[in-house]
Amino acid sequence: MNITINGELLTIKSAALVEILQNFGAQPPYAVAINGEFIPQSQHGNYVLNEGDSVELLSPIQGG
Amino acid sequence: MQTKDCLTIYGEQINSRLLIGSALYPSPAVMEESIKASGSQIVTVSLRRQQSAAAGDDFWQLIKNTGLKILPNTAGCHSVKEAVTLAKMCREVFATDWIKLELIGDDYNLQPDPFALLEATKILIDDGFKVLPYCTDDLVLCQRLNELGCEVLMPWGAPIGTGKGLLNSYNLKIIRERLPNTTLIVDAGLGLPSHACQALELGYDAVLLNSAIAGAGCPITMSRAFKAAVEAGRFAYKAKAMPEKDLAAPSTPTMGMPFWHQQ
């Protein structure tokens, strides 16, 4: 199954969000949105992705 | 007994009237020193795609170590949906319901989109956010944002990063007069400490800036200058300025003038 994570195309075996984040090397703190919708951390454990989903993994950065 | 003259943001008392950004500094060390020198109690941050985990974590550790209150922003968002999603992500990562709501309507001057701003503000306030909207200096927009429940408004001085100062001090003055109980912060466009001083002299409660310090030749020294400027501006506002006159009025007494004016 193909998804994108932070704009990068990825072929994945498991559709479980937590495994995808782990394989991507996600480092806390971060927040996740899928197809433009915020997915709270409390829902990560049960969340399963679908073909073509777009994951955004965001972390703190400088801001003005 | 005189109560302490504090800035109030959604019921929280803040001792500094300068809110500072964390971007564009020449190095993390200069950023840290500049933030310290500013005396600020609130620092702005953002969220972006996780790239180098180590670099991002270093930045975040440094900001956390300052112990300052965090004000996340939605910089770069062009639609209500983007801004609302990013605000929710910020709330989770930074564990705060404060959000500096930025919604850009024009890429050329980064002018806030007033219509989308109102829409996003309503959604976020209904969701429990304490919204600090970055807006234009339009009185009616400010009134509408206030009616939606914004206790803080942040009209621009000038477009972001221009350093032009208060381009329309008339508008800013009118907003101050018409919304006397709202916390008003000039956000964006300041370049010099005198610009910050002017904002405080007009009765604005604080200023939020980044480029003016980070882009200065010596950011740490400029940071000290801005700290002094907001203090001077606030004292001047509290002191109430003398009335302006069109004609000269002598300050030295004219009674008892010496011989050279005698007939």
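FYI, residue positions are counted from 1 along the chain as it appears here.
Backbone N, Cα and C define each Cβ position, glycine as well.
Nobody curates TrEMBL annotations by hand; they come from automatic prediction.
Computed from a predicted structure; not experimentally measured.
Of the residues B:GLY149, B:GLY161, B:GLY256, TrEMBL puts just one in the 1-deoxy-D-xylulose 5-phosphate site with B:ALA188, B:GLY189, B:ASN210, B:SER211: B:GLY161. Set side by side, the binding-site residues B:GLY161, B:GLY189 differ in how many other CB atoms lie within 10 angstroms of their CB, and the most is found at B:GLY189. B:GLY189 (1-deoxy-D-xylulose 5-phosphate binding site) sits 16 Å from B:LYS100 (active site, schiff-base intermediate with DXP), taking the Cα positions as reference.
Put simply, B:LYS100 (active site, schiff-base intermediate with DXP) is 14 Å from B:ASN210 (1-deoxy-D-xylulose 5-phosphate binding site) when counted between their Cα atoms.
B:LYS100 (active site, schiff-base intermediate with DXP) falls within a strand when secondary structure is assigned with DSSP.
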